[in-house]
Each structure stands twice: as structure tokens, then as C-alpha cells.
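Lifted from TrEMBL, the feature list:
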- 222-308: domain 'Wax synthase' (DOMAIN)
- 12-31: transmembrane segment (TRANSMEM)
- 38-57: transmembrane segment (TRANSMEM)
- 63-82: transmembrane segment (TRANSMEM)
- 147-163: transmembrane segment (TRANSMEM)
- 270-291: transmembrane segment (TRANSMEM)
- 303-324: transmembrane segment (TRANSMEM)
- 336-358: transmembrane segment (TRANSMEM)
Amino acid sequence: MGYTLAEGYPPFSLPIFAFTTLISLPASLIVRPNPYRWILWVSIVAGDAYLVFTTTHHPVVDYFLGSVYAGSILLGSDYILLTEPQKELRLRGQKDAVDSAPLSERFRWGIRLWSSLRGVGWTHEPSRLSASVSPETTRLAFIRRRLLVVVMNMFLLDAMSIYNRANPAFLGNGISMADRPWLLRYMDLLAWVWTSQAQMRILHGIVSVVSVLSGLSGPRDWVDPFGSLLDAYTLRRLWGRTWHQFVNRFASSHGKYLARKVLRCPSGTLASSLIQLYTSFAMSIFLHMVADFTMFKRWNVGGSFFFFAIQPFAIMFETGVIMLARKFGHSGEPGIWTRLVGYAWVLTWFVLTFPGWFDPMSRVRFMEIGLNMPFSIILGLWKGEWWQGDV
């Protein structure tokens with residue numbers, strides 16, 4: 001597969017992964033509050049620190065696992081070190097804290113919190129998430145709708161994969177996206193976005209159908225992974241509304257803790273806002289750098305640090321421009337022309353900065369064997385060419 005950076009490293013350990021991610025983290029949410037829960041976080045850190053030096057010999061799987069390792073550490077830091085979940089967090093409609101409940105109830109409660117990365121159905125669910133399913137929606141109607149979403153996104157992913165396979169910037173032996181003509185760079189960026197969104201919506205849709213069909217969850221527990229692309233006319237809105245919010249909980253909780261409890265900044269102040277902004281992206285840097293290292297087995301190969309480190313500076317810049325515009329009387333909801341300027345700004349920003357993050361991943365065939373569909377319904381029906389690549 002053209003993937004040799006991980007040669008010589010020990011194989012991935014499923015028992016250690018199960019212990020850190022599937023046992024220690026959920027256990028920290030199930031046991032009653034006590035002064036020794038931090039030991040579970042130490043076990044998570046120790047186990048995941050070992051796992052980043054292991055490999056599955058598949059770059060995309062390694063990258064995904066690296067994200068899980070880092071996410072477990074950060075989520076554990078939130079739920080074990082910064083928060084007392086059973087006393088502070090509530091399901092919608094839950095009146096009393098669950099810390100005095102019997103083990104069976106705490107088990108169900110803890111597993112539900114552990115599996116709800118975005119807080120859907122909880123009082124800490126971000127208000128900016130996509131609208132949840134109507135209470136009147138039946139399980140059968142939900143399943144039909146989600147299966148339709150899966151099929152539509154399979155065709156979108158198929159179309160994007162056809163484009164991606166013909167794109168030299170997306171090939172392991174290809175060129176940098178920055179070396180493509182300007183118009184094609186915009187098309188490449190959108191192709192990556194639609195490819196990533198389609199793949200995630202397919203996986204999310206399949207899991208939601210299985211979960212609702214089996215009775216493990218209800219239709220209202222499942223919210224679209226992404227917001228509307230029409231909301232992405234500023235960088236702040238793109239990161240906060242349009243892109244997935246699976247890291248929102250631990251990213252925001254660390255920022256709030258640092259701003260309010262460590263530095264004592266009053267809520268709503270500029271200082272508090274900036275601290276939370278930079279801390280959130282620091283969490284993203286950590287998560288993606290761990291994922292980079294797990295895949296590349298080198299700290300100096302991936303481009304995550306620079307890409308995510310410059311995002312808050314760009315958000316500060318655009319916030320300053322917006323504040324200046326308001327001083328000159330441009331207030332209220334932005335009109336169509338203002339939004340078009342915003343879309344151009346957001347797209348151009350990522351056209352300039354995205355190649356530095358993406359190019360190293362492309363060289364290990366990240367798109368070819370990770371994001372593209374290995375088969376094609378479109379080419380199969382058109383030319384009889386069903387199989388398109390390896391996995």
C-alpha cells in the first residue's frame with residue numbers, strides 16, 4: 001500500500017485498547033464519585049501512550065485509532081479530572097443526580113453519556129447542533145429516512161471517489177494541492193469536504209439504523225453529524241456549526257475550566273472568550289498530532305500543528321473585521337452579498353492553508369485507501385467497472 005513508516009513497530013493490541021477505551025473510560029462514569037477515580041485516567045493515559053507506538057499497518061486505521069486514543073485521554077480528563085459527571089450532568093428530564101442510584105441505573109446512565117460525544121439528549125447539548133428528530137417520528141419512519149440518507153451519500157461518495165482517483169493531488173505519488181491551478185484547488189477542497197461528509201454520514205446512518213432498530217436508542221438520540229454548509233460564511237461559524245461537533249464537549253470544557261476556574265475570568269468577557277477559543281484549538285492540535293504520530297510514527301511529518309494553530313488567529317482577524325463593519329453601520333443579519341463574500345473568504349482561507357495539513361496524508365494514500373469507495377456503482381452501471389481499488 002506504499003506505507004512503510006510504521007515498519008518495525010509492535011502490532012496494535014486489542015486487549016489494551018479495550019481496557020483503556022471500552023472499560024476504564026466507561027467505568028469512570030459508572031462508579032460513584034470518590035477520590036480515586038483519577039487512577040482510571042492514569043490507566044487510560046498509560047495504555048494509550050503505549051498504543052500510539054503500535055500499528056495495524058494500515059495508515060487510515062492507524063490515524064482513526066490515534067484520534068480515539070487522544071480523544072479518550074481528553075474526554076477522560078474532562079469527565080474524571082474536571083467534572084463530577086454524576087453530580088453535574090443530567091439527561092433531559094432527569095431531576096435528581098444519579099450518584100445515589102443503584103448500579104444498574106448508573107450503568108445505563110454512564111454508558112449513555114460515554115456514547116454521546118456531542119451530548120445529544122443531555123442538558124449540555126450544544127444549542128447549535130442540527131435540529132433533532134420530531135417527537136412524533138416513528139422508528140420505522142426514522143429508519144426509512146436514514147436509509148435514504150445512506151443511499152444518497154453512497155452515490156455522492158461514489159461520484160467524489162471518481163473525481164478523487166483522477167486527481168494527482170489525491171494520489172500517493174502525486175503532487176501537492178498547492179501546485180494545482182487555482183480553480184482546481186477550490187474544486188479539490190470541496191471534493192475533500194464532500195468526500196469526508198458523505199463517508200461520515202454513511203457510517204453515522206448505518207449505526208443509527210442498527211441502534212434504533214435494536215431498541216438501544218430512539219430516533220431523537222440521532223442528530224446529523226454536520227450542520228448546513230450555508231452557515232459557513234465565517235470561520236467561526238464553520239468550526240462551530242457546520243463541521244462535526246464530536247470534539248466539542250472536551251474542547252469547550254477545558255477552555256471553560258481554564259478561563260473561569262483557573263484564571264478567574266468573568267463569563268462573557270473578551271478574555272474568557274479568547275482563552276476558550278485558543279484552548280479549544282489546542283485540544284484539536286493535541287488530538288490530530290497524536291493521530292498523525294500514530295499513522296506516520298514521526299512527530300515532524302504531519303501538518304496538524306500549523307493548520308490548527310493558525311485557525312484561532314484567523315477567527316480573531318475576521319471577528320475584528322466584523323466588529324469594524326458594525327461600527328460603520330453594517331449590523332443585523334448579513335445579506336446575500338455579505339454571505340457570498342464570507343463564503344469566498346472561508347474557501348480561500350482553506351485553499352491556502354489546507355494543503356499543509358493534507359499533503360503528508362495524501363503521500364501515504366490516505367484518500368486512495370481510506371476515504372474513496374473501493375467499488376463504484378456509477379462506473380459499474382455505466383462501464384461495467386465495479387471494482388476500483390484496494391482497501
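Heads up, the Cβ atoms here are built off N, Cα and C, so glycines get one too.
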*Going along the chain, which residues at least six beyond the ends of the transmembrane segment (38-57) come within the CB cut-off of under 8 Å?*
3, 6, 9-13, 16-17, 19-21, 24-25, 27-28, 65-66, 69-70, 72-73, 76-77, 80-81, 290, 293-294, 297
*Closest-packing stretch to the transmembrane segment (303-324), where packing means Cβ pairs under 8 Å, from 12-31, 63-82, 270-291, 336-358*: 270-291
_Residues in the domain 'Wax synthase' (222-308) grouped by DSSP into helix, strand and remaining coil_ = 58 helix, 0 strand, 29 coil
*Intrachain residues whose Cβ lies under 8 Å of the transmembrane segment (12-31), provided they are six or more past its termini*: 37, 40-41, 43-44, 47-48, 50-51, 54-56, 65, 68-69, 72, 75-76, 79-80, 85-86, 103, 106-107, 109-111, 113-114
_Can you tell me which parts of the same chain pack against the transmembrane segment (336-358), counting only residues 6+ beyond its ends and a CB-CB cutoff under 8 A?_
169, 176-178, 182, 185-186, 189-190, 192, 232-235, 238, 302-304, 306-307, 310, 314, 318, 330
